[in-house]
């Protein structure tokens with residue numbers, strides 16, 4: 001029920017320059033690069049050319065109608081209308097809208113989707129090409145959504161079950177605890193009566209006419225906006241808009257009904273406590289409520305910037321405060337968020353180590369009082385102004401992708417907020433950052449603390465106990481602490497510094513240059529290999545990896561859990577002799593992390609930095625290799641979290657433990673850990689395990705990939721990587737052999753009225769490079785055929801997921817099909833699933849479906865190459881598989897590899913009956 005304030009999110013974001021008037025009451029200037037206007041029928045449009053990524057176009061249709069716009073007998077109908085938009089229109093009956101878009105390479109749920117919240121319904125189309133045909137089809141579909149959705153009784157009846165399964169799937173303790181919080185925070189408002197998922201009794205019985213009534217009342221062009229961002233000709237797009245979306249609607253001659261979005265402010269202290277099965281971590285939330293203010297003026301922009309600085313400094317102090325063990329606090333933070341459309345909530349949120357609420361409340365009140373009385377220091381403000389000034393300079397030249405811009409615009413458009421240009425935002429930040437004073441921060445904090453509407457909300461583990469205080473006592477304690485003189489805040493004068501490292505500089509020589517991928521291979525003087533690739537897909541970012549063979553399946557089974565625990569505790573302690581808090585202090589402006597990674601078959605270290613900080617990251621890497629101390633604090637935290645984990649094991653976890661035991665007998669997995677063993681590990685055991693298995697194996701292959709020049713990489717590699725002693729160990733990888741039980745496994749007792757069905761698929765197979773893509777295509781085919789039967793035909797599920805995979809060293813294909821449903825329909829839907837799999841084996845893959853999925857796979861692959869994270873992963877994976885970049889280009893032969901005969905043969909193997917294992921978790925009463 002919350003969404004972060006759009007203006008807060010937009011500060012320093014990217015979305016080009018005009019003069020700014022200095023009067024604080026002047027309105028913010030709208031980005032001149034965005035073509036925006038209104039068609040004759042009232043439809044607003046926002047069109048922006050952005051060439052990152054090339055050829056892509058992102059379209060968003062925003063309807064200013066959500067669950068808050070429903071009548072009492074329509075609860076859930078805004079969401080049902082959203083579903084019906086994909087079930088038929090005058091031009092595209094039944095599912096033909098999806099079919100038409102998918103023929104152009106778009107994929108349902110990935111490129112074609114929608115969502116409904118309290119205030120809006122949003123439809124999304126992601127086009128992988130900007131050609132005229134796709135744009136015209138997209139506008140044709142949008143016109144159908146705007147004007148011509150049909151509500152045939154049979155179609156509405158078919159979708160009722162789908163919505164019920166969506167409702168069923170989301171049921172959980174976390175949902176219930178969230179609903180309990182919202183009922184308290186939003187008390188007295190329409191919001192608590194209008195959950196977007198709706199009332200299932202209404203969904204089951206409402207007439208098709210009443211569903212259509214909502215559509216005809218609220219889906220009117222003067223209540224909509226369309227957003228188009230991408231590699232486009234804006235004039236052409238606006239012309240297409242006018243040609244395709246200008247249909248008049250007589251209802252626009254009537255006045256739109258006003259909706260009450262108000263959450264009444266309860267201008268006094270409130271105290272409440274909630275609990276829920278499965279919630280085991282106690283917490284305290286202290287909230288202050290106020291009405292929203294005007295956000296489109298220069299004054300409001302400056303105030304939001306002041307608020308951002310205040311929030312940041314509060315959180316920096318909270319980070320220091322939470323480390324004081326007598327506070328009983330595991331984590332603490334402060335943030336501001338929208339509560340509904342017209343209310344702001346400022347929250348101090350604390351997760352506790354124990355249930356000594358009274359003591360922690362007093363400590364929190366004293367913390368707040370000390371800042372209220374003494375304020376922040378000039379050092380704190382100057383440091384933050386310096387950080388934001390540097391960030392402002394960097395953001396001026398950073399490109400933002402079209403997808404992010406389009407999605408950010410949804411919030412701005414829905415809330416009628418001004419969108420600033422890059423240059424205007426830069427100039428405003430530059431001006432206002434030089435003006436902000438300590439008095440501004442103090443005024444802002446005092447205004448929040450003086451708000452009368454306060455709520456202290458405590459979340460207790462079960463069994464819930466009566467609180468040893470009432471609201472009157474809490475108010476008295478607050479007032480007393482605010483008046484009591486507090487201790488001066490200790491700024492912690494000790495300044496941490498990176499240790500000075502001295503070691504011999506090594507050398508490197510270039511062994512290969514792969515022109516096709518612009519990939520360099522170097523041999524370091526210690527024998528290790530370095531792979532370098534320049535990419536600015538994420539500007540100002542570099543990925544570093546040091547990887548070697550090994551992993552959890554190369555060590556004795558008895559040490560599996562010991563090593564996992566050792567990695568966790570060592571990383572939580574810090575980096576070598578530097579504590580985690582010291583690392584955070586040194587790199588507070590530009591955070592750096594070097595983390596241990598360990599998989600089944602490989603291990604090493606990973607980190608991400610800005611180009612200018614790569615030397616610091618490599619320094620941390622060298623420190624990490626030097627020693628692996630374990631602090632008392634990190635060990636105690638590990639033990640506390642272990643106890644909490646075993647305390648809160650729910651039926652879902654027990655189910656996964658049982659399934660894992662059946663499929664991996666006599667093999668240690670993440671589900672076989674035992675509390676006594678996990679808590680028995682001491683410092684020496686953990687340190688020795690990390691030293692032996694991690695630090696004594698340093699025959700790495702290094703990867704440096706990102707926005708950094710070759711010469712800089714070579715210098716850093718010679719200094720920091722080439723002189724590392726290459727330690728080797730002889731280890732033998734032991735692949736896990738998956739067992740397929742002959743009988744289905746059923747566990748009863750789920751507290752939700754739901755069944756979770758998982759069908760595992762296993763087959764012996766020799767790994768081949770190209771199978772990654774073939775697995776994806778087969779999984780998509782299986783998933784679509786199941787969706788058409790289980791969802792579209794029999795309305796038994798909301799969604800189904802399927803996947804197949806095989807690791808390089810694994811002797812088997814592993815796959816999974818999963819869905820949730822009404823417990824009464826488990827047998828029926830499982831039978832239908834097996835029917836679909838049997839039919840694929842018997843009759844093979846439909847060639848039209850294969851062509852469609854092949855086109856979708858090509859689209860997905862192109863998108864992967866737009867992401868630096870994906871590029872780094874693809875390069876590393878290729879070298880891991882065959883010690884060269886050849887596997888990167890397998891996709892170029894996909895049309896020849898993914899033939900009907902090949903996919904049919906793969907399906908025959910992967911879907912065979914003898915490799916299927918059905919596991920079901922369902923409600924106790926079924």
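In case you wondered, yes, glycine gets a Cβ from its N, Cα and C as well.
Swiss-Prot names 79, 83 for binding Zn(2+). Of 144, 159, 165, 166, the residue it gives for the same site is 159. In this structure the alpha carbons, written CA, of residue 82 (active site, proton acceptor) and residue 159 (Zn(2+) binding site) are 11 Å apart. Taking Cβ-Cβ distances under 8 Å and a sequence gap of 6 or more within the same chain, the neighbours of residue 83 (Zn(2+) binding site) are 159, 162, 163. Close to the recorded Zn(2+) site, the chain also has 80, 81, 82, 84, 162, 163, 166: residues not among 79, 83, 159 whose Cβ is within 8 Å of the site's Cβ mean position.
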